[in-house]
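Q: Shown below is the structure under consideration.
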């Protein structure tokens, strides 16, 4: 929002340097991005009155005699198509500085002396977007009613003597998107009540309210007011209004459109003016668009309307995209005589989505989406009507149509003096706080410690006690808050047992060569429950940034897969990533957080070189990494079991659930081909992951691995070759071997797996190496032989395995 310092002075008695004021406003919470002085760097630019204008034969040039307030007129050669005798124009004299620090000198053009330059607005620093269309390709001509004299500087007449404060407004401070709102804000800072005058409107035309049948859905437009102004004369706006518009970054159009923009800047209430001929059938309807309806907007852009767009129609066809922009078919034109003014409150969410959907964000839509002051609907309508009567010779017809007129009660927030002082660390009295609230335009009730504060409707951002704390703090002055040491209970320092365990796990994983990734906690609803054995109700965000960040994650693998995609798209194929973080669910109607650890592997364990071939990462490599982690934190191998699982997003035959003492703590496996195929960057890659619930296993952690003395007695090894049915797993076999191997069974290792044409159909060959050890005495062959016989017999009976 570009705020004119001179316009602010209509509301407040300001004598402070504009740049100092900008600094003061910034310190209270509304950032002033810049303070610009349009006349800065310009000199010797004056009003000139063209006395004579002759065409120079054979050229597009004109030789002009111009009165610039000196004893004699000066001669200037000008090539603008709209230069003519009798006009008041902008003249840069000899030695003048114009935009771009360009210096103007006397010279000759086509051999004819020229003692200066007749300027267009762009040449003295105006942006193209604010220059009126009629002057875009020529010089600027002062309106006939402009109070200017030859020889006086142009800066005041054009509003260039002003200072423009650029309010960098956050979405919660929509109240400052108007001059009145800015005046309330600045007034609170300088402790002065702004002079905001009521509108007194006289109706001098016949009643018109029976001319139009208006149908409005209150959900789409809770307030919808109309007035009719007859016999308007379309023309140029007075110069005072034009300069206020272009200093706010808005191009003057004509006296009707300019009034609607001016009132929007003044009150924050977007307005629209229709040519009354648009509604010749006497109908106006506010509704949702129908499928395949189209509308050509005022910017000549044709849009295909969405069924969620709010539109205004003439009873049949659309004439405006509500809250965004009017239609070309209802535009006020040069021959317009009767105008219908609209002042309304539209559903802000719908307006925002329409503006975004059609890539057409406007000054009006930005105000509706942030929230307008419902109390200004009537004032804005009457102000626009008053200005059209004064500046366009219009007749204000009696009556207004209030198709919808919902009311919004001011919010009331309760707090206490002691609470505000406690949060701010101040010792302000009740009287001091009441004074601050009065400066802000809030009313206060209550007694003693209690504060009952009524918030005006222009302030949408105040709803809870913490908001009142902020208001008191910023108006009192953050610079005035005393610096104090925080009061904390004494502790012995150090990490808690859980923090220590979590850090230890992270250190171990990093020691395995993995790099830490940090991903978003927010994801899409679909991704939130992927890679999860038993998805729980998700935690949804009420006001998401977009649909892909609307849900709190239930797993960490999703974020690692996104990180892998990002890296692989940039030719980084060898990946070993991990993330330790929280996941969320809404089970049993409570919001729950769990600490998880996840890892992702892709590529090779070692790159190929002259010493060895490369080896691709597979399930067993990742399982080995996880086994080493469990051992390092004191979880025994025999307590861990891997069971085949079907999990969404995971490979159906290369995925296992991880169980510790029969309790599920996570999963391990390969991403499903369906997942990697959908992402171009991941296509063709084999990606392995695991994820474990750290909260579940933290109670199982010990201080670390315990060292054992080397055995004093020799071990005995025996090989065991088995013909195994395909549906029997290694885990089942090892469990039976451990069950029957006796107390001296020390270790089991798989040494070979084979499945081929030489093996019986439906079977596979697995060979094991079993190690037996008596740590207190020499182990005999007889003891080992007995154990082997028992193992073989049990495998044959329980799992239908043949010993080869």
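Glycine is treated like the rest: Cβ placed from N, Cα and C.
Found this in Swiss-Prot, in case it helps:
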- 461, 467, 470, 471: Mg(2+) binding site (BINDING)
- 39-155: domain 'tRNA-binding' (DOMAIN)
- 408-483: domain 'B5' (DOMAIN)
- 711-804: domain 'FDX-ACB' (DOMAIN)
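Show me how these features fit into the shown structure, please.
A: Neighbour density for residue 467 (Mg(2+) binding site): within 10 A of its CB lie 18 other CB atoms from the protein chains shown.
For the domain 'B5' (408-483), the DSSP-based tally of helix, strand and coil residues reads 34 helix, 13 strand, 29 coil.
Note on the domain 'FDX-ACB' (711-804): mean pLDDT across this stretch is 91.
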Q: Run through the Cβ atoms and count how many others sit within 10 Å of the one on residue 470 (Mg(2+) binding site).
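A: So the number of other Cβ atoms within 10 Å of residue 470 (Mg(2+) binding site) is 16.
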Q: For a quick check of understanding: among the binding-site residues 461, 471, which residue's Cβ has the most other Cβ atoms within 10 Å?
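A: Neighbour-count leader: 471.
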Q: For the Mg(2+) site given as 461, 467, 470, 471, which other residues of the same chain have their Cβ within 8 Å of the site's Cβ centre?
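A: Output for this site, in sequence order: 459, 462, 466, 468, 469.
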